[in-house]
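Single-structure report; data block below.
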């Protein structure tokens, strides 16, 4: 037993010093965060429709037979409509096709023309309710990003003071509470609160996780590969979330996907306790550049804008595409989540592929420019689909292009800090996460209102043209200047101050100064 205890302690000590195990921890944290992010996408619209629209109609329906007790022949048809309002279309089709047993077949065929035309078979009723639901669902989805937008700068400052380990564990704790709250929420208000609470936990996990990766992978090429793998966890979460949520909600129940996620979150917490030692305070060795200084850097703003606008497209699709499918394609519930499957698979491929290849394509700026153009073109093609199969191509192109932008821009953010500021990454990844949140806050909140005012096709045109117009700005990131270039003479006189953040440049300086230590 003593030998096994010693070996386990040795394994833990080795793991805490291994960048690969740190990458595993960040991968799992981003995976669970984004499963929870997207698992609600197919659940919330149908859940609100079932509980509010159908619930209101079913509560009013049983009063009809009591109000007309003296009518002997009307109750067979009206009672079916009262108690089974959601199957109105199949029942009417059935009664039209089969002659009644009493032989009065001429009365029923004449009944449908006197009523308003029914929606197509399989479509949901209540078109006005669905139109209003665009805005409500959009605000619910945007609440997570809005809260995360407010919390991110404070988390960035906190990581610079106490390190990345404790904020990562705080993020896990809040994420677990949010997941359990989702499982047992039965009203719009409780769902809204759970979504906002998720934004707090996601802020801690994403800012601390990406900053931790940037600190344990100082080499630029290795950092790009590590960021691609970590973003692969994000992509895998998006890939699993929507289909998993729609299938579990359809065949098991609303609480089932969230309870499974809560159990997986407990496993993630145990992994963090073993690897990260969240009780240990380890502040950054270098003083971080203030957020206000980074926000005045035009190159960081261009990179953040690319992250924001490229992700805004999929953020607008999340609340509006399922409702548009219910209205125009009459899709069953399981298809609402499966529609996002091509985008998730292609995003997973794009992040892992271009995390490795981006360095070979000119410091990642070219990947980002091409990716944003493809994002715009894919969004313009979404309204052309007439069924779920027509969404495969546009959604696949959208996911692959966003993967190109994300896997290229995340290493660029760290590279810009190394080149133009000090190498403390918590603050710059707080800005990167703010850019994500801007897209996921502005997208759903304004997307629902635009759909209600102009329609879903015009929403896709607006955001698609916006991405295509922004793409040329990525050219500015081709060769950003270093802020320390104006101090080159001072660096030769005193090679230890200021210190170059580029390893190759620092090596070149010390070779010229052989008399230095």
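Just so it is clear, glycine is given a Cβ too, placed from its N, Cα and C backbone atoms.
Unlike curated records, TrEMBL annotations are generated automatically.
Looking at 297-317, 486-506, the range tied to transmembrane segment in TrEMBL is 297-317. For the ranges 116-136, 137-157, the feature annotated in TrEMBL as transmembrane segment maps to 137-157. Summarising model confidence by region, the domain 'Major facilitator superfamily (MFS) profile' (22-482) averages a pLDDT of 77. Sequence-distant contacts of the transmembrane segment (370-392) (same chain, at least 6 residues past either end, Cβ-Cβ under 8 Å): 306, 309-310, 313, 317, 321, 325, 328-329, 331, 335, 338-339, 342, 350, 398, 400-405, 408, 456-457, 460-461, 463-471, 474. Long-range Cβ contacts of the transmembrane segment (455-477) within its own chain (Cβ-Cβ under 8 Å, at least 6 residues beyond either end) map to 298-299, 302-303, 305-306, 309-310, 312-313, 316, 320-321, 324, 363-366, 368-370, 372-373, 375-380, 382-383, 412, 443, 447.
The stretch in 21-44, 137-157, 297-317, 398-417 that contributes the largest number of Cβ pairs under 8 Å to the transmembrane segment (337-358) is 398-417. The stretch in 229-249, 255-276, 297-317, 398-417 that contributes the largest number of Cβ pairs under 8 Å to the transmembrane segment (21-44) is 229-249. Looking at which of 229-249, 255-276, 398-417 has the most CB pairs under 8 Å to the transmembrane segment (297-317), the answer is the stretch 398-417.
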